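> Features from TrEMBL:
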REGION    B:1-31  region 'Disordered'
COMPBIAS  B:7-20  compositional bias 'Basic residues'
BINDING   B:G135, B:E158, B:L159, B:N191, B:A192, B:L211, B:T289, B:E290, B:E291  S-adenosyl-L-methionine binding site
ACT_SITE  B:D214  active site
TRANSMEM  B:226-248  transmembrane segment
Amino acid sequence: MNMEDDEGHDGFAAEKTVTPALLALHPFSKFVVVSVGSQLRVFNLLEKCAVDSEDINSQSCHVDAIKTITFSKDGGLFASAGDDKHVKLWDTDTWRCLRTVVATKKISASSFSSDGKWLLYADKFGVVYAISTEYVKDPLAGPADPGQPVSLLAHCCSIITSLKCSADGRYIITADRDFKIRISIFPKNPLMGAHEIEGFCLGHTSFVSCVAVVNNNLTSQFLVSGGGDGTVRLWEVETATLLDTVDVYEKITIANSDVDNTAVQLPAITCIAVSNNASLVAVGLESLDGVIILGLDIKSKRLRFLQKFLLEDHYCPTSIQFDRNGWLWLVAGAAQRTEAGEEKATSWVKVVSISSGDAILLESIDPASLPGGTLLLEALDGTDSDVKKALALADAANMAVKEQLSKKKYTNEHRELRKRLRNDKKLQKGM
Amino acid sequence: MASGSKKGQHPRKRFYRARAHSNPLSDSQFPVPVSPAHMDWSDHFPAFFKSNITAAPETGHDSEFNFEAKYTVKKENLNGTCSEWSKAKGVEGDSKCSSASIIDVSVRKAEGLEICKKIQAFGDEEPKVHFADIGCGFGGLLVKLSPMFPNTLMVGMELRDKVSEYVKDRIIALRKENPGQFQNISIIRTNAMKYLQNYFQKGQLQKMFFLFPDPHFKERNHRRRIISIALLAEYAHVMALGGILYTVTDVEELGEWMKSCLEAHPLFEEVPLKKQEADPVVGLLKCATEEGQKVERNGGKTFYSVYCRVLASSAGA
């Protein structure tokens with residue numbers, strides 16, 4: 001980004017020190033992964049035991065904050081990347097690192113192509129790269145030529161906040177801090193780059209913080225996005241048209257008047273997830289200690305506000321995801337790096353069950369009834385986890401992200417004041 | 001009274017001098033429409049938009065003043081401290097308007113008819129901008145193109161605020177001097193590298209111009225160049241099939257760079273030389289802009305490329 005031009009931006013200092021925790025679920029619920037700072041914590045849900053994190057974190061661990069983690073669609077591969085500019089590809093059977101790609105810039109988002117043949121990752125300069133995953137899957141398929149990452153497409157120097165591939169594999173979806181979501185056609189040969197743009201989803205009036213793809217069997221593809229403007233929007237991918245908008249902040253201020261609606265800046269959407277049956281959207285909102293549940297109706301192309309579900313005090317999730325059973329997994333946590341380079345990583349994982357009968361009923365699941373029980377939480381939260389600290393840090397991390405992505409706003413008066421000494425302005429004054 | 005930017009008179013360049021470079025990567029501090037649908041072009045091309053001529057036949061001429069008045073209003077909004085001055089200016093504009101209307105009644109009527117014709121030509125469909133001059137500088141090309149394509153709306157996009165102010169004043173002066181002409185050109189202060197899709201719909205533009213762009217010699221600054229493989233994808237998106245993209249530069253290295261980017265891009269194909277020669281616009285590339293004239297004066301060489309927006313060949317996609 002434009003750090004050299006933007007010295008006054010205090011967001012960068014904050015960004016360096018606090019990183020939100022992330023959560024990723026295996027598509028068939030075999031594993032759950034939480035990343036906090038530079039650590040990956042993996043839990044095997046089938047065997048109900050932690051994957052030896054010693055092994056993962058010793059052989060070739062990340063040395064700086066992880067900013068993106070993702071499973072491939074078939075669950076065979078996993079990728080992690082972040083501020084240390086290393087993109088790591090993992091085999092989920094053995095949890096060995098198959099390959100480390102050294103990028104030139106910090107990584108902000110990643111996704112596997114829907115056929116799993118490519119890993120796409122976006123750096124902070126807005127460039128999306130692709131690397132082939134094929135050779136690592138099949139070592140017998142001739143000489144292993146890993147191939148260099150190729151640049152697919154680029155947003156003009158804008159941090160890419162979210163990168164997804166549409167479920168049908170036809171599109172690459174990239175969201176950035178310049179308020180837009182770009183829909184590019186997934187090229188037949190990614191080595192040649194992705195040059196064809198299907199459309200731009202324009203509607204957010206602040207940065208786009210998160211995007212989730214809606215899985216469905218219809219011919220049309222849909223996606224939902226959350227932004228720094230506090231809205232969640234539903235889009236049709238093919239035409240890049242805005243179908244519906246829910247102003248989440250407005251909804252909860254009406255539902256609950258104790259939220260300060262005189263805030264100068266609207267709270268940002270921090271994370272978003274769509275249930276596998278495409279009927280519910282869960283949303284995390286900055287400084288809200290809970291989640292907001294929206295109803296999604298693909299047939300009528302509508303989103304509607306259902307419920308605000310409060311969790312423990314100050315539990316502001318930093319990352320959320322639905323599993324196959326419709327449970328919502330949440331993590332609130334962050335890693336803080338001290339000036340000496342020491343990292344303090346804390347997180348708190350929770351699971352919420354959602355039963356959608358006549359009325360939506362949410363219920364926090366007792367740790368004991370989780371697969372693996374308290375073992376799971378021990379593995380994911382770390383042993384020395386201080387709950388209070390985790391929550392305070394999680395909120396701080398969400399704020400830090402927002403700080404980094406927001407643009408400085410100047411009033412018209414301020415802008416004009418700066419121009420007042422200009423020659424052309426002086427002239428008009430003298431008239 | 002100094003007359004550099006006096007209402008309706010040609011602006012003087014010396015009051016609008018700006019640095020040659022502006023960082024296209026920094027965060028912008030000007031308003032950008034949320035999407036093309038949010039963009040109100042009627043401010044820019046009042047003569048082409050119905051609402052301005054429905055009231056009375058005489059309003060044809062006034063439309064020019066609407067253009068100015070709207071800008072004045074905007075200025076007033078922008079600058080609270082100078083509102084007194086703005087009001088005074090508004091009054092002055094009004095008086096001028098009335099005096100002008102006494103003199104040019106016949107001209108105005110003719111013009112009104114002309115505009116009616118234009119509107120009839122468009123039918124109910126809202127007129128759309130079809131040409132974009134990216135980094136239009138002092139607007140030389142727009143002024144030359146305007147009479148060549150009188151029914152095509154074209155817009156210049158310039159990042160430097162002062163320079164865009166100059167072009168705005170220049171267009172106001174030209175419209176005033178030549179009633180009925182130069183109604184089809186306008187200027188926006190914006191960053192085309194970042195916000196092109198906020199102004200134009202998919203496939204809207206028939207011609208795009210990139211004349212004498214910043215060369216950005218240093219390798220680490222190449223990402224600031226206006227033509228790059230990545231950005232061409234965005235230009236291709238807003239261009240119609242068969243639309244033409246013109247680039248010209250006096251820097252050989254940049255000329256080669258732009259050509260190689262266009263050559264490598266699957267959505268662009270070079271226009272055959274014969275067709276290029278037949279295109280009257282190609283001749284303007286070298287000499288229409290202020291920058292081009294400077295190069296010509298100094299006997300410099302120019303390097304241009306003319307490419308057509310095509311469908312992706314199956315090999316490239």
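Glycine residues also receive a Cβ, built from the backbone N, Cα and C atoms like all the rest.
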> Please give the sequence-distant neighbours of the transmembrane segment (B:226-248): residues at least 6 beyond its ends with Cβ less than 8 Å from one of its Cβ atoms.
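Distant Cβ neighbours of the transmembrane segment (B:226-248) are 24, 132, 134-135, 192-193, 196-197, 200-214, 255, 257-258, 261-262, 264-265, 267-268, 271, 279, 281-282, 285-286, 292, 302-311.
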> Could you give me three numbers for the compositional bias 'Basic residues' (B:7-20), the DSSP helix, strand and coil residue counts?
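Secondary-structure breakdown of the compositional bias 'Basic residues' (B:7-20): 4 helix, 0 strand, 10 coil.
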> Tell me, which binding-site residues from B:G135, B:A192, B:T289, B:E291 are within 10 Å of B:D214 (active site) if we use the C-alpha atoms?
B:G135
> Neighbour count first, Cβ atoms within 10 Å, every protein chain included; then name which of B:L159, B:A192 tops the list of binding-site residues.
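The residue with the most neighbouring Cβ atoms within 10 Å is B:A192.
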> Here are some recorded positions: B:D214, B:E291. Which one has the most Cβ atoms within 10 Å of its Cβ?
B:E291
> Between all pairs in B:G135, B:E158, B:L159, B:N191, B:A192, B:L211, B:T289, B:E290, B:E291 (listed as S-adenosyl-L-methionine binders), what's the biggest Cα distance, rounded to the nearest Å?
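The two farthest binding residues have Cα atoms 21 Å apart.
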> With Cβ-Cβ distance below 8 Å and at least 6 positions apart along the chain, what are the contacts of B:T289 (S-adenosyl-L-methionine binding site)? List them in sequence order.
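B:G137, B:F138, B:G140, B:L141, B:L211, B:F212 - these are the non-local Cβ neighbours of B:T289 (S-adenosyl-L-methionine binding site), listed in sequence order.
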> Please give me the CB contact count at 10 A for B:G135 (S-adenosyl-L-methionine binding site), counting all chains in the structure.
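The answer is 23 other Cβ atoms.
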